[in-house]
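Trainee: Under the heading domain 'EamA', TrEMBL lists 6-136, 148-287. Taken from TrEMBL, the feature transmembrane segment covers 7-29, 35-52, 64-81, 87-108, 120-142, 148-166, 178-196, 216-235, 247-266, 272-288.
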């Protein structure tokens, strides 16, 4: 089997896991405060990865700085705001907004390089951004959602962009497995003070009555082991085998998985506006990344 084919298989599995993750997170944050939920998720992922990957490496000061930034922006900042936003918005909306990440990455990348991409890419960006705008601005009146959650979900988009920039600097010198393990552990450590602060405000009676419910435990294990540990490993393998451009395109299909899972599991059936926004985002980002 060719490396590209293997990479696409890894990508497909990751897309499915991350698409469902919005639904699982939505279940968890109904019972566990969002920051604590994120902390538990990455503690589980860190334990799993430390058991899986035993090899240690020595980082240069520069690489360690890149690792710290990757852990903070790719895990701590990203999931604090994503989990919090899911209190106010649906998994489908969250997934759709996150799917705009490649669009904004294109814009940021052009600004950094001081070189504009071709007009077709920007046409696709405009189409996709129209879809995001339709979703966010109509949330309060048409989708009956609080637009604060949709706007808050934009913060993880830019956190992921910063994370990607630093991660690319690390890939040249170290193994993906080791980077994923160490980055995840650092992300969990950065989560700790925020989680402790939130825990001090938590009713302990609620902890024992709701946190130990089977659906909460199963969702946390799914998020920690499959979505965080395995998901990041497979994503990195896909970048290596199929290429970063092809892998990034996989983000466009995450909302499709989430819409299906959201409908089947939580019975949040999408209306016409959600579907139109999804179509615009997916088609726009496809055009933006396609080479003509």
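Glycine residues also receive a Cβ, built from the backbone N, Cα and C atoms like all the rest.
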Trainee: Cβ pairs under 8 Å only, please: of the recorded stretches 35-52, 64-81, 87-108, which one is richest in them relative to the transmembrane segment (7-29)?
Mentor: 87-108
Trainee: Per DSSP, how many helix, strand and coil residues does the domain 'EamA' (6-136) have?
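Mentor: Looking at the domain 'EamA' (6-136) with DSSP, the answer is 106 helix, 0 strand, 25 coil.
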